[in-house]
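Asks: Shown below is the structure under consideration.
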C-alpha cells in the first residue's frame with residue numbers, strides 16, 4: 001500500500017471531522033442541543049476511562065485484585081475527588097499503578 | 001487576561017495531559033517502525049494527521065495487512081467523536097475568522113478539548129480565550145512530534161516497551177479531569193451510563209462503542225437535568 005496515499009486520506013478525514021461544525025459560523029444550536037452538548041466532555045471521558053480500567057487488554061473483562069489498572073484506577077478516582085487537582089491526581093495515580101504492578105510482579109524487570 | 005498570558009496558561013494547563021500522552025507518542029513511533037514505516041512516514045503521520053488513536057489503529061491495521069479502504073473507514077469512525085467536540089466548542093469560536101477556525105480545528109485533540117472547554121466554561125469574560133486554545137494546541141502538537149520521533153528512532157532499543165503498562169498514564173489524566181467535573185446528579189448519571197455503555201459495547205468494531213457510549217451518557221444526563229428542573233419547578237439553566 002502507498003503510505004503517502006494513506007497519510008493524505010487520513011489527513012483529509014481527520015480534519016473534516018474536527019472542522020465539521022467550525023465550518024458553519026452562522027449555525028446556532030437550539031437550547032436542548034446546547035444543554036446536551038454540556039455533557040459531551042463528561043460522557044466522552046468516562047467512555048474512554050472506564051473500559052481502560054475494567055478491560056485493560058482490550059479483550060476481556062478483568063475484575064480481580066490482580067488488575068492494577070482497576071485498583072489504581074479506583075484509587076485515582078478517589079484522589080481526584082478529594083484533591084480536585086489534575087497534576088496531583090496524575091502523579092499519585094501513576095505512583096500507585098507502578099507500585100501495584102511491581103508488587104504483583106507485572107513489570108518486565 | 002492579555003493574549004500572551006492566555007496563550008501561556010493554555011500551554012501550562014495542558015502539561016499534565018502531555019504527561020499522559022508521552023508514552024503513547026513513544027509507543028506509537030516504535031510500533032509504526034515495527035510495522036514497516038520509515039521515520040519520515042511516521043513523522044508525516046504525526047505532523048499531518050495528529051490524531052493519536054487513529055494513528056495507532058492505522059499502524060496496527062497496516063501490520064495485519066489491511067487495505068487502504070478499511071484504514072480510511074476506521075479513521076473516520078474513530079474520529080467521529082471529534083464532531084462532538086467541534087459542535088461543543090462551535091458557539092465559542094464561531095466569531096473567529098477562518099484563519100483561526102481552520103488551524104484550531106486541525107489541532108483539536110481529546111486533550112486540548114478537555115482543557116479548553118473548561119476555560120470556555122469559566123464565567124471570566126476574556127476576549128482572548130482563543131489564545132488559550134492556541135497555547136494548548138501548540139504545546140500538545142510539539143510534544144506529540146517529539147515523542148513520535150523519540151519512539152521512531154529509539155523505540156526499538158527498549159525491549160517490552162508495551163509491557164510496562166504506560167497506557168495507564170492517559171487513564172490517570174482523563175480521570176483527573178472528569179472526576180472534578182461531577183458536581184450534580186445528572187452529571188454523575190451521564191458518567192456512569194457512558195462508562196457502562198462503553199463496557200457493554202466494547203466488542204463493536206472500529207471503536208463504535210465509544211460514540212454509542214458518549215451519546216447514551218449525553219441523553220441520560222440531559223434527561224436527568226430536565227427531570228430535575230421539572231420536579232423542582234425551576235427553569236433549566
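Cβ coordinates come from backbone N, Cα and C, glycine included.
Keep in mind the model is a prediction, meaning the values are calculated, not measured.
Sharing the record's features from TrEMBL:
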TRANSMEM  A:6-24  transmembrane segment
TRANSMEM  A:36-56  transmembrane segment
TRANSMEM  A:68-100  transmembrane segment
Asks: The transmembrane segment (A:6-24): which same-chain residues, six or more beyond its ends, come within Cβ distance under 8 Å?
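Replies: Those are none; the list is empty.
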Asks: Which sequence positions outside the transmembrane segment (A:68-100), separated from its termini by at least 6 residues, show Cβ-Cβ distances below 8 Å to it?
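Replies: Same-chain contacts beyond the ends: 49, 52-54, 56, 62, 106-107.
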